[in-house]
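Student: Shown below is the structure under consideration.
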Amino acid sequence: MLKLPNSCRRLLFPNNKTSKKQQNLNNFLFRTSSAVFELNRGCLLRTNCSMALQFEILGRFNRARAARLTLPHYVCQTPLFMPVGTQGTIKGLTNTQLEEIGCQIILGNTYHLELRPTSELIDEFGGLHKFMNWPRAMLTDSGGFQMVSLLHLADITENGVTFQSPVDGKPMLLTPEESIQIQNRIGADIIMALDDVVKTTITGPRIEEAMHRTLRWIDRCIAAHKRPHEQNLFGIVQGGLDPVLRDLCVRGLVDRDLPGYAIGGLAGGEDKDSFWRVVAQCTAALPENKPRYVMGVGYPLDIVVCSALGADMYDCVYPTRTARFGTALVPEGVLKLKHQAMTSDTRPIDPTCECMVCKNYTRAYIHCLVTKDAMGSQLVSYHNLFYMMKLSRNLHSSIVEGRFPEFVCEFLQKMFPKGNVPEWVCNAMEVAGIDISSCCSSFLSQESNITDIRESREDDPALVYRAKEDAGADISSCCSSFLSQQSNISDITEDGPEMVCRAEDVRVDTSFCS
């Protein structure tokens, strides 16, 4: 049975007084117009609401979906992760390398690109694609995130955001109209509406003010958008952690019938239980036939959970930023390559990885580089982005091939071999309809978690951290082997591999352990 979005129902049945025969006819016409249609679970959904975007769902498992996203410069597969190239470059990687690892979309920052080299110069070169010689798809943000990250430089009013330029100190007014004009000149496949961004940790009337202002600004963005057949304008759902405000914002944006929608205002310090619930609420309310983009999400575990809940697109600086600190992504968590234990380790970063770095270099070699040479961060960045692209491909193929629950369980078993999957992940997967009981033990008490950490010894002589944000206990007593280089060497020579810190269920800063 065809289920029409409310906005489309209002167009077809404005007075809700049509006969059954008329409704059937309208439904038939609606289907054949290729605007939005759904035959049954697991089949194709398509939207032609914008000539610049086509979204076809190729497979699904409950809320999770795998799709083909056709953009002016590239045909993408979702779920997908987008590396962040703030000023038209992914730090340390060439465009050829990005293509090699399967990068589909890269993200540029409107605020920084306008400051330097300026959108006018980019436009003179034929847009950012030609300026940076990138043949695939691009997305530019609106500059709104700088309201949070550069708040000490910004003044937010109904007119827009006045920034103090970090380059020369001069004031720069960014209005919804100006943001869209800049992005029209830059020429990305997907452009973002300017929204009023506030941290999710803030409560009170400011959250409601930002949500309503975001809805007012989207109309100004739509009116200012001069290239709707070449660029896709996405709206951003705001509302903090308030489900009522989130619902109001979703409804308001869906009524505008945009090519796609983003879930904003997350990954800013909120607890994980609140994080997944906002994602679940928004993905359930957003149209089935449009792409859904969760902004600022880059932890592999978060991406798997959000994909299970029905999200399609993600971006974050995390994989490349953490690489510059010598941290590599591995199936078990992360690997600290600056750690002294890496000095004589002849293995690759990840023995199961097929990237150029893991095929050609040892941990010991990269350890020497990350402590002294920029090449180290470049190699780790390459590996980390390869890992993220492979994760995206695996998510897509597992959904299309009908083995998504098995993929999720395998992913969680590698990351949590003792079965201590965080409770928020278990709750999210239950809502997503994914049975992960095979990879979960009963929720461990804080005491048993500490015991497990203290007794854990593995073959990998690397300090592995996992999601230390999701914590609750002090594990300093079991990290004593890391307090000095001397004790590290003692652990390796006397006991073999040193302890592995598994901080998934422990809210504590383990940085002192390294």
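One-based numbering along the chain as shown.
Note: Cβ is positioned from N, Cα and C throughout, glycine not excepted.
Just so you know, TrEMBL annotations never went through curation; they're auto-generated.
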Student: Name the residue range among 95-99, 115-119, 320-324, 390-394 that TrEMBL annotates as region 'RNA binding'.
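Tutor: Among 95-99, 115-119, 320-324, 390-394, the range TrEMBL annotates as region 'RNA binding' is 320-324.
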Student: Pick from 296-302, 373-379, 436-442: which stretch is listed in TrEMBL under region 'RNA binding'?
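Tutor: The listed stretch tagged region 'RNA binding' in TrEMBL is 296-302.
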Student: Can you grab the distance from Gly143 (substrate binding site) over to Cys355 (Zn(2+) binding site)? Cα atoms, rounded to a whole Å.
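Tutor: Here the two Cα atoms are 33 Å apart.
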Student: What else in the chain is close to the region 'RNA binding' (296-302), if you only count residues 6 or more beyond its ends and a Cβ gap under 8 Å?
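Tutor: Same-chain contacts beyond the ends: 81, 145, 264, 266-268, 275, 314-319, 329, 387-388, 391, 411, 415, 425, 467.
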Student: Between Asp195 (substrate binding site) and Asp315 (active site, nucleophile), find the distance joining the two CA atoms and give it rounded to the nearest Å.
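Tutor: If we compare the Cα positions of Asp195 (substrate binding site) and Asp315 (active site, nucleophile), the gap is 17 Å.
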Student: Return the average pLDDT for the region 'RNA binding' (296-302) as a whole number.
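Tutor: Reported value for the region 'RNA binding' (296-302) is a mean pLDDT of 97.
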Student: Using Cβ-Cβ distances, find the residues under 8 Å from Cys355 (Zn(2+) binding site) that belong to the same chain and are at least 6 apart in sequence, listing them in sequence order.
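Tutor: The answer is Ile101, Tyr382, His383, Phe386, Tyr387.
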Student: Give the maximum pairwise CA distance in Å, whole number, for the residues Asp141, Ser142, Gly143, Gly144, Phe145, Asp195, Gln238, Gly265 listed as binding substrate.
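Tutor: Those residues reach a largest Cα separation of 15 Å.
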